[in-house]
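Visitor: Got a structure for you, questions after.
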């Protein structure tokens, strides 16, 4: 009997060690995926928007990414329903049509996300990739401030200090770029630094507000992240088409929806559509510290790659500003010290810099089909 207990205990320890190794490996894979997705999307958009020749319509790329995202999520839901088309159809009609009030709640964040996606194209078309990557971290500041104002969340002293450092770092980078703005104008470049800066600031504000609004209206919702992305994607496609018609309608009528699309442009669209969904799968293995580290590391990767791809010049001022931002991002992601928040207040560690569209949290589901008894709650 004693021998059996020892054998069982040894078996449990071996299983625990094995599970720990798997989790550790998954954390490193998550880190790699987050870094590659963060850096590659910005670098690839910058690359295709600065190539000579016919330039594709950014509004059409935004719509195409939304369509691909919806189709992918529908495929995942179909897989969860064991490829039962009838069951999937009934499930979607119930989730989207019959629960229309829940669906309509997503119209506002979807409008903001569509605006944000278009603004990112404008910003990256007019700013160096490294500068955009650093400046875009202001979304952490806006998300934190909106969380404090709208959700009554509390921030620790370290987080407040990190936000000040973040702002200071971005400001230093803008001062460093001021001289280069005049140089690009004198070179006859069609890039407008001011337009890019305004676009990225508005994008950060919209990202912060949309993320917090999304969290506020969907508190306690049981819908899966894939259903949410379908709902957001439907609104995003419709609103994106309206933006396309308003901004580029005449040009697209003349040249076509896919005008200027190359293999590289398709890679950008697939990255934008599937990259976020891929992050949704791996982000459950990454805690806030790992996500903060991934964001910081992606800034370094973007800067190094910009030097080789675009001839970006890194000087002492940029290094100082980027260093402050990297440090601030990591500091902000650190967990609060026990007892640092006031009683009854929510922890701000849930204020993530990741987009709510891809951060499923407790709602995250695996690709594998679920048991029939659990499908009702999905």
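Note: Cβ is positioned from N, Cα and C throughout, glycine not excepted.
Taken from TrEMBL, the feature compositional bias 'Low complexity' covers 338-356. For 338-378, the entry in TrEMBL reads region 'Disordered'. Residues annotated as transmembrane segment in TrEMBL: 26-45, 57-79, 158-175, 195-214, 226-246, 258-283, 290-310, 316-334.
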Visitor: When you scan the chain for residues with a C-beta under 8 Å from the transmembrane segment (226-246), skipping those not six or more beyond its ends, what do you find?
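Guide: For the transmembrane segment (226-246), the sequence-distant neighbours (Cβ-Cβ under 8 Å, at least 6 residues beyond its ends) are 57, 59-60, 62-63, 66-67, 69-70, 73-74, 76-77, 80, 92, 95-96, 103, 106-107, 109-111, 113-115, 117-118, 218, 252, 277, 357, 363, 365, 378.
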Visitor: Hey, would you say the transmembrane segment (158-175) packs against the transmembrane segment (316-334), going by three or more CB pairs under 8 A that are 6+ residues apart?
Guide: yes
Visitor: Within the same chain, where does the transmembrane segment (258-283) have neighbours whose Cβ lies under 8 angstroms from its own Cβ atoms, ignoring anything closer than 6 residues to its ends? I mean 6 or more beyond.
Guide: 26, 29-30, 33-34, 37, 40-41, 44-45, 47-48, 51, 53-57, 60-61, 64-66, 68-69, 72-73, 117, 225, 229, 251-252, 291, 354-355, 357-360, 364, 367
